[in-house]
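First up is the structure itself, then whatever we jot down about it.
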Amino acid sequence: MALVAGLSLPVAVLVAVSLLLGALILLISAALAGPRPEAEGSGVDHEESSIVGNGVAEKQTTSKKQKMQRFRKERLQQHVFSHPVLAAALKGHSGNISCLDFSSNGKYLASCSDDRTVRVWSTKDFLEREHRCMRANVELDHATHVRFSPDSRAFITWLANEETVRVFKMTKKDDGSLTFSASVDDFPKKHRFPVINISIAETGKFIMSAASDTTILIWDLKGEVMATINTNQMNNAFATVSPCGRFVASCGFTPDVKVWEVCFTKSGEFQEVLRAFDLKGHSAGVYSFAFSNDSRRMATVSKDGTWKLWDTDVEYKKQQDPYLLLTIKCDVADPCHIALSPDARVVAISSGFSISVYNAKTGEKEEEFLNVHGEEIADLAFDVNSRFLVSSGDRAIRVFHNVVGYRAVITEMEAMLKKPTSEAMRERLQQQISNAQSALDSVCTKKQ
Ligand SMILES: *[C@@H]1O[C@H](CO)[C@@H](O)[C@H](O)[C@H]1NC(C)=O
Ligand SMILES: *[C@@H]1O[C@H](CO)[C@@H](O)[C@H](O)[C@H]1NC(C)=O
Ligand SMILES: *[C@@H]1O[C@H](CO)[C@@H](O)[C@H](O)[C@H]1NC(C)=O
């Protein structure tokens, strides 16, 4: 893809060196590590090697005894959490996890941590006993943010120390595992304040980075800044690109969410950034917001102690404003995050250490997960199929079954069945009900 075009030669050399080193380190670490005691919860993490940086080289010199001591200490510090709808705890990171992202093909979950690694987890093992993850080392730095490229074959990271974007390309090996290679040049440093969020448009046309002042930069995929947005919101609290790749939106100290369209010509040249519409209605600063996968719904959460659901399927060029659909009271304690399931049926809100899950149609709170992590929750996301909700904070990623979503599908489809429909439609609805019901049943079976 264009993201790493022109880098094939250096990348090939890097990969070859990495493979050699990787094999060596694997041999050495296999010799050093004895059988590993099983970790708490439902999974033992199984790691595949990747490119090798300083992090691994350091580890290699620690003796087995030191390793065991460190392992016991870490194990003692592990936060314990269990809940009937918890599907898995993904363990592997040795530092706090700051950011999570699902690839748009639904196969992977990426996580990054201050342990200087990015891990890529296979979503198809979420319900297995073992959770395979593959590790990319962030040399001499660590990533605070991670985002998959639209083709799910690369990811971008924000580097904490270098304060810029680094691109990693993923290559699939014959055995299904992945290797990672960082592109030779990081993006130039452009922000004057710490960056809080990054995104890539699903169209592959631009990358966004938002800093804690009021700046948002729009980059092309090679690292050239195409546009600068001043949000005029006193400061930025959260910013992202809509899943359709058309819009950039931000919130901050002021009570509104601002939405811009990033416009390109028919031939794909960057044209301009236009103000599109605002979400106005909260009475205090907005902590965060989220889009559904078709960008026709947005959910917002504010310091005013409410979350709101909006219909954003409007023609803003004809001066149509988004419609407010729901306002629901909720607990809000900083840090506060919101996630909207891709199908817009479920809203999840994290406040401090806990998560509440709401039906987005009725506004009813249906699930509450208290003290999910040992540190404050740093990120919250639904997978692309609206089957799972994941959260991070400490060193583990918690994966929850989206039971609220399954129940919502059943209610919705049953209501549709009561109306006259074609035979083919009835069959489709019944199939969806039975899929959701069996997913729910399997969660309840595990409970006993
Ligand atoms: C995780 O973050 C918390 C607070 O943000 C900090 O106190 C703690 O030391 C961090 N843990 C690790 C292992 O870095
Ligand atoms: C966006 O930035 C806010 C503020 O720093 C942070 O709390 C949040 O975790 C970030 N979200 C993502 C998805 O990076
Ligand atoms: C959004 O998600 C729904 C349900 O998961 C899926 O059927 C639909 O194809 C997705 N739409 C887009 C634009 O990705």
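Placement of Cβ uses the backbone N, Cα and C atoms for every residue, glycine included.
Going by TrEMBL, these are the annotated features:
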type	residues	note
SIGNAL	1-33	signal peptide
REGION	35-69	region 'Disordered'
COMPBIAS	37-49	compositional bias 'Basic and acidic residues'
REPEAT	90-122	repeat 'WD'
REPEAT	188-222	repeat 'WD'
REPEAT	279-311	repeat 'WD'
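Note on the repeat 'WD' (279-311): residues 237-238, 240, 242-244, 246-247, 249, 251-257, 259, 322-332, 334-344, 347, 349, 358, 360, 363, 384 of its chain, located 6 or more positions outside it, place their CB under 8 angstroms from a CB of the stretch. Broken down with DSSP, the repeat 'WD' (279-311) shows 0 helix, 19 strand, 14 coil. Counted with DSSP, the repeat 'WD' (188-222) comes out as 0 helix, 16 strand, 19 coil. Same-chain neighbours of the repeat 'WD' (90-122): 39, 41, 43, 45, 47, 53, 55, 74, 78, 131-139, 141-148, 150, 152, 155, 157, 160, 168, 170, 178, 180, 202, 375, 378-381, 383-385, 390-399, counting only residues six or more beyond its ends whose CB sits under 8 Å from a CB of the stretch. Within the model, the repeat 'WD' (90-122) carries an average pLDDT of 96.
Secondary structure of the repeat 'WD' (90-122) per DSSP (helix as H, G, I; strand as E, B; remaining residues coil): 0 helix, 20 strand, 13 coil.
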